[in-house]
Amino acid sequence: MNIPAVTGDSRADAASAAQTAPAASQGTLFIVAAPSGAGKSTLVNALLERDPGISLSISHTTRPPRPGEQYGRHYFFVDRERFEREIAEGVFLEHAEVHGNLYGTSRRVVEGLLAEGRDVLLEIDWQGARQVRAVMPDCVSVFILPPSRAELERRLRGRGADAPEVIERRLRNSREEIAHAQEFDYIIVNDRFEDALADLQAIVRAVRLRTALQWRRHQALIAELLAP
């Protein structure tokens, strides 16, 4: 196997590239999706608590608040008329109707955080993930699966937050949602919570260690190491 030699010129070129690279790197956009009851929100909240380098993008929704949910912390709760007007105005990076309610992500907020070099996490459904991938193909997407159908139903009923007919609708819709899991970059089975969280953290860490990100982040070090 022929290994290309590292010449003085190539070292100088690399050092020059390191010196002229952008000072601040673009953040990474992470997407986490799952059928209702798979434990997505619990995993995301735990990740955010342990990793202050990730910002959660708060979604807009027409869904009524659940007990304990706060405007601007869990969701921006709006009526359908306002949501549909903002769709027409191009406010959303993605939007979808899920279980009869509209959900959407502010384009301005996400693009602003990424430009600042912040990693951003979207907790959305497969429809929204597909829309985001179309306009931001460098995003990293993760789908969370429950360990079994029976466990998914147990979790949904155990929440005590939804009427029986709503739970049945969520169970029916979960089949279509899971059918789209193969569109995602990674799949995690949320059986033991700590294992699933460790898997999610490992994905984030691996993405941050990609060559392109590390090259920009350590440009001063690279320039020093490659200097004649």
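A Cβ is built for glycine as well, from the same backbone N, Cα and C atoms used for every other residue.
Annotated features in TrEMBL:
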| type | residues | note |
| --- | --- | --- |
| DOMAIN | 27-205 | domain 'Guanylate kinase-like' |
| BINDING | Ala34, Pro35, Ser36, Gly37, Ala38, Gly39, Lys40, Ser41 | ATP binding site |
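Positions of the features from TrEMBL, shown on the structure.
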residue : record           : CB count, 10 Å
Ala34   : ATP binding site : 27
Pro35   : ATP binding site : 24
Ser36   : ATP binding site : 23
Gly37   : ATP binding site : 22
Ala38   : ATP binding site : 26
Gly39   : ATP binding site : 22
Lys40   : ATP binding site : 21
Ser41   : ATP binding site : 14
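Secondary structure from DSSP puts Ala38 (ATP binding site) in coil. The ATP site is set by Ala34, Pro35, Ser36, Gly37, Ala38, Gly39, Lys40, Ser41; from the centre of their CB atoms, other residues of the chain with a CB within 8 Å are Ile144, Pro146, Arg155, Asn190.
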